[in-house]
Amino acid sequence: MVEMLLLTRILLVGFICALLVSSGLTCGPGRGIGKRRHPKKLTPLAYKQFIPNVAEKTLGASGRYEGKITRNSERFKELTPNYNPDIIFKDEENTGADRLMTQRCKDKLNALAISVMNQWPGVKLRVTEGWDEDGHHSEESLHYEGRAVDITTSDRDRSKYGMLARLAVEAGFDWVYYESKAHIHCSVKAENSVAAKSGGCFPGSATVHLEHGGTKLVKDLSPGDRVLAADADGRLLYSDFLTFLDRMDSSRKLFYVIETRQPRARLLLTAAHLLFVAPQHNQSEATGSTSGQALFASNVKPGQRVYVLGEGGQQLLPASVHSVSLREEASGAYAPLTAQGTILINRVLASCYAVIEEHSWAHWAFAPFRLAQGLLAALCPDGAIPTAATTTTGIHWYSRLLYRIGSWVLDGDALHPLGMVAPAS
């Protein structure tokens, strides 16, 4: 207990110091963490435009239809009423059905209501259609699941609808369509779909290389393990495993499958996790440099090159990505953190970080945590360091803290939309 209190105090002091230092480190040109953000210029959507520019029920938008919800179905408990006084519900059926929606839809709608009042003082958000129990929409409409709403402004000024659609995009709806001159259509992903795609993790079946030889499943890592990683220059080294930033035992997740041929490798990781990609210029020989860019797994494309452990196990080789696909696994999801901030998973070099597409920023943000771990290891005898964090299910508290701060100080588009599931409000 004393050690845990010491750890917490060290982390808090270190984190505060880091924030104070950031104001001095980010005053130069370019977008810095401590730099004041200017309001982003919003462009209204054009009539019949939809964002993202894919079909509504595809993976890149709101996802597939999962079945109609009725008042007698088991899934009816997934719907929650929205009594926000800043939203006007038309409720032409006079049943309150338009107020029922999924929690994700409710959260986005409430955020949009605030934006509408800020954009047009005296004007409120108006919902004309929400959950549909009467079959008035097309087959497999997301209205039947409480995942879609049709909206206008309270003054019904159609000249505002293009900007209303843009505000809906900014509020976080997964698909927004300027469907009709009379309304805007918005929809969201299913709750279980968001959870399955979110986070920055590897499957429990992934393996790491240990310092004393052999491999180990990532889910079995424990404090004291030293695993193969690489420094900023691509030199291989063994680094201490510190904790899991996220741990979901036996959960079902949707992973991106990155495959290479020369050398042959296959890595599974979630959309928001970072993977190092080599520079694009041609190289006839391996340079062993990791000076390439860290990209979200969802942004890696065939033809780009990732770093793979060579056959002799002595160096990293840039290997061309042969294919990128999606696969669902139920072996759990794990995000190991090493002192180096990198790790070789299934012989492929990856970052330990996710959510923000800046490996160096993320590694810097975890400096107070690494410092605390180092001090605690020096102050406590062997075996006395608390290990509960490595076995606790869910997202590490320090990661949650950084995510909250990042959401506050960074532009919304700097964070991966599937980086972390927002807690229900």
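Including glycine, each Cβ sits where the backbone N, Cα and C put it.
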Practice problem: Pick the one from E93, E170 that Swiss-Prot also lists for the Ca(2+) 2 site with E129, D132, D134. | Solution: E93
Self-check item: Among ranges 35-41, 70-76, 280-286, whichever one Swiss-Prot labels motif 'Cardin-Weintraub'
Solution: 35-41
Practice problem: Please compare the recorded positions E129, D134, D150, D246 by how many other CB atoms fall within 10 Å of each one's CB, and tell me which has the fewest. | Solution: D134
Quiz item: Among the binding-site residues E92, E93, D98, D132, whose Cβ has the fewest other Cβ atoms within 10 Å?
Solution: E92
Quiz item: Within 8 Å of the Cβ centre of E92, E93, D98, T128, E129, which other residues of the chain have their Cβ, at the recorded Ca(2+) 1 site?
Solution: F89, K90, D91, A97, V127, G130, D150
Practice problem: Rounded to the nearest Å, what's the C-alpha distance separating D98 (Ca(2+) 1 binding site) and H143 (Zn(2+) binding site)? Just drop the number here, would you? | Solution: 10
Quiz prompt | Average pLDDT across the motif 'Cardin-Weintraub' (35-41), rounded to a whole number | solution = 54
